[in-house]
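**Q** So TrEMBL lists these for the protein:
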- A:29-365: domain 'Aminoacyl-transfer RNA synthetases class-II family profile' (DOMAIN)
- A:ASP98, A:GLN99, A:THR100, A:ARG128, A:GLN142, A:ASP146, A:ARG298, A:TYR302, A:TYR303: L-histidine binding site (BINDING)
Number of protein chains: 2
Amino acid sequence: MAKADKINFTTPSGFPEFLPGEKRLEVYLLDTIRGVFESYGFTPIETPAVERLEVLQAKGNQGDNIIYGIDPILPPNRQAEKDKAGESGSEARALKFDQTVPLAAYIARNLNNLTFPFARYQMDPVFRGERAKDGRFRQFRQCDIDVIARRELSLLYDAQMPAIISEIFTAIKIGDFVIRINNRKILTGFFQSVGVAEDKIRSCVNIIDNLEKIGETKVKQELDKIGISAEQTQQIIDFIKIDGTVEQILNELKNLTEKMPEAEQFKLGVTELATVISGVRNLGVSENNFCIDLSIARGLNYYTGTVYETTLIGHEALGSICSGGRYEELVGMFLGEKMPGVGISIGLTRLISRLLKAGILDVLPSTPAQVMVVNMQNELMPTYLQVSQQLRQAGINVITSFDQRSLGKQFQLAEKQGISLCVIIGTEEAKTNKAALKDLRNREQIEVTQEELAAQIQKRLS
Amino acid sequence: MAKADKINFTTPSGFPEFLPGEKRLEVYLLDTIRGVFESYGFTPIETPAVERLEVLQAKGNQGDNIIYGIDPILPPNRQAEKDKAGESGSEARALKFDQTVPLAAYIARNLNNLTFPFARYQMDPVFRGERAKDGRFRQFRQCDIDVIARRELSLLYDAQMPAIISEIFTAIKIGDFVIRINNRKILTGFFQSVGVAEDKIRSCVNIIDNLEKIGETKVKQELDKIGISAEQTQQIIDFIKIDGTVEQILNELKNLTEKMPEAEQFKLGVTELATVISGVRNLGVSENNFCIDLSIARGLNYYTGTVYETTLIGHEALGSICSGGRYEELVGMFLGEKMPGVGISIGLTRLISRLLKAGILDVLPSTPAQVMVVNMQNELMPTYLQVSQQLRQAGINVITSFDQRSLGKQFQLAEKQGISLCVIIGTEEAKTNKAALKDLRNREQIEVTQEELAAQIQKRLS
């Protein structure tokens, strides 16, 4: 056949794709994450990849992000009917760049068909014009959960988040991690109490948020730039560096509230944090897996209470692998309603790519098949097909080898795909309803009846 | 909070979204379909939503489809740096409109990292400028499988397809269905044998493909229009209407091959069909679930052998719910290589929407939670949290009720979401490590120890 000439068939820059073993790893992680989300009653939703541009840009939502508008391209033979296509004249549309704005739109669209508190998860891809040089992708998957209430939202929802994070990262076995918990009200309350002007508090939060990235000296310079005095800066730095066990920090915070009886915001933050920590403990999260870190600020402006970041111990350079927090004025934006919520997000695509590179995770075998039924001779194919079906009915994933090649070649093909077990049936075995089961890992081979085959395979797979 | 004014936050036309119960149905169907695909060794891949336009349009691939180009939209504060965004000057890109062209590109891109025969499935969304009035969507999910070989591809892969279709539709319990199998070579061979000119054969196939939609009279008119004689037309109509059991039709076809010794193409088609049918039987597909239908043509030009359509009995108006076939010159298009393949596709989004409308499927409960641990008094919250965790560890999905409301209100909230079991622990139960388990379906309530709770719940859920 003629080759399609000169076509650049590579993926567009920033839109990578996975090989089967990588995609299978992603599927496994998505399944695991989903299982934990669902065990806490989070329900799946999916919003369209495409939203009206005015929705994506509402209230400055676009932020610093480059987003992708979409425009219909008619096929060559239909250029004439542009007006009939039902596409021209339609509003500007673009690909969603996160799950938050679409969640707000989803709630506005379906308000009367949802039950509150509404606990949902969402794991579909989002699109952003990220610069490839930053090792970021232009299409990537975020695994987000949020619980949204119409009036009050219990702080115990905040406490569930570290339990969920902890279960997920324990299940996927990526080593030791610590969930660092803080409360924005503590930070902003402290800034107020040392005399930072209201209009500078947001900037202060953003500067503090960069502490790990830019270091203490730079933070001091930045604070100085926006007019925070050297004394205030020192107080802030001393405060966010308060270290110790959860108990020690909570005690220190309680002592501070007594010293600052007028710092209402600060006091409220400390009470909230103590409530969340108590919930986290009642939910059985291991003391090794969480801490209080008063330097955690989260740059995003919408957080108003609890904030989280998660650090993989020994791989701090990866940055936070799961973050989130509580907000008040985010998902009600299209309704003009205050809807408190708390949520976390795992940037799965980026995380997989970094964990693979760091050697913390490994790809899966390139096929889900666990067994290959080899082809000894075409005449026995009816037996091979029947035995394959019998194994599938027992829940085993099977490839039947249809091509007649040497046994060695067939074993090679199995091994190349990560299949370790082969079922071999020759004329003799077929006559006596038997089969040989070969384990390619140790080259051991046993003879079993076809009836026992599934059980023998399951034993070796477990 | 201020309402974002005058923003039209509805979904763009043709881009629908699901309520939680509908999305959960989709997730369940995707899981079921994936399970069957994987049991035959198909491995998942996902290609980017965005491809280079030249890839999507290569060799007339775009066909009649309106596709969506993407264009970067810079945020207001970054308009100045257009040139630095790494986006301007990049090639034209568009959203993929099917999984076939991307599969061809994927194979070309990853040729040396794939094992052949390459059996893959793909279930991510595709985008097409369909007219909303046709009840079609502009973003929808297709579940596709294909097996691709670099040289020969055994006909037994064709035989596996009806086994897979049959397992899927049996598992999702949508009633009786029949997979109608044919072979393009039989059709084209027969057209040749009655003297249809080579350059009219493709048109003949396309007209025949519309038989069910437009009826026999219209088919005759269409054939007449392209210059097929009345006698030829009658022969064709008589042929494609051959009816009977699989055996009867195979016998009739074999008789015809003897009467037409020169019809090589026809003969080859009959042999292929017989081989496929024999494989389908060896794979244990119920005789009720497949038939030979010589009128099945599949409009798509690339099919060269086996073709399939699937009809839901009693709901014929739905059209084919799973179709596919064998092709030779499709996925090797970017490599200039002949790569035989066989595949099927389930248009899942459309199917769900139609099956829901027809009352064949029903939505799932709006939450995956199976149990609600109610809040009798806030002081017992530590117990509620611990019991909830204990149930989750036993694999049960749990919502803990954090708000203190009347028991009746809490039961209502559970029922509204489709949760039928509630765990009730008051002061007395807490003291004695007991719990009441209430079944909201029959209002029965039993008292059990907290230790027995998980087992008692599992018994009621199964």
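Quick reminder: no glycine exception, Cβ is built from N, Cα and C everywhere.
Curation plays no part in TrEMBL annotations; they are all automatic predictions.
Could you give the neighbours, burial and distances for every feature on this list?
**A** Long-range Cβ proximity for A:TYR303 (L-histidine binding site), meaning a same-chain Cβ under 8 A and a gap of 6 or more residues, is found for A:ARG184, A:GLY325, A:ARG326, A:TYR327. Secondary structure from DSSP puts A:TYR303 (L-histidine binding site) in a beta strand.
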**Q** Measuring Cα to Cα across A:ASP98, A:GLN99, A:THR100, A:ARG128, A:GLN142, A:ASP146, A:ARG298, A:TYR302, A:TYR303, which the record gives as the L-histidine binders, how far apart are the two most distant ones in Å?
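**A** So the binding residues stretch over 22 Å, Cα to Cα.
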**Q** Helix, strand or coil: which one is A:THR100 (L-histidine binding site) in, per DSSP?
**A** helix
**Q** Can you check which residues sit near A:ASP98 (L-histidine binding site), meaning Cβ under 8 Å from its Cβ, same chain, 6 or more apart in sequence, and list them in order?
**A** A:ASN65, A:VAL126, A:ARG128, A:GLN142
**Q** Tell me which of the binding-site residues A:THR100, A:GLN142 sits in the most Cβ-dense spot, judged by other Cβ atoms within 10 Å.
**A** A:THR100
**Q** Return the residues near A:ARG298 (L-histidine binding site) by Cβ distance under 8 Å, restricted to its own chain and a separation of at least 6 in sequence.
**A** A:ARG184, A:ASP209, A:VAL307, A:GLU309, A:SER323, A:GLY324, A:GLY325
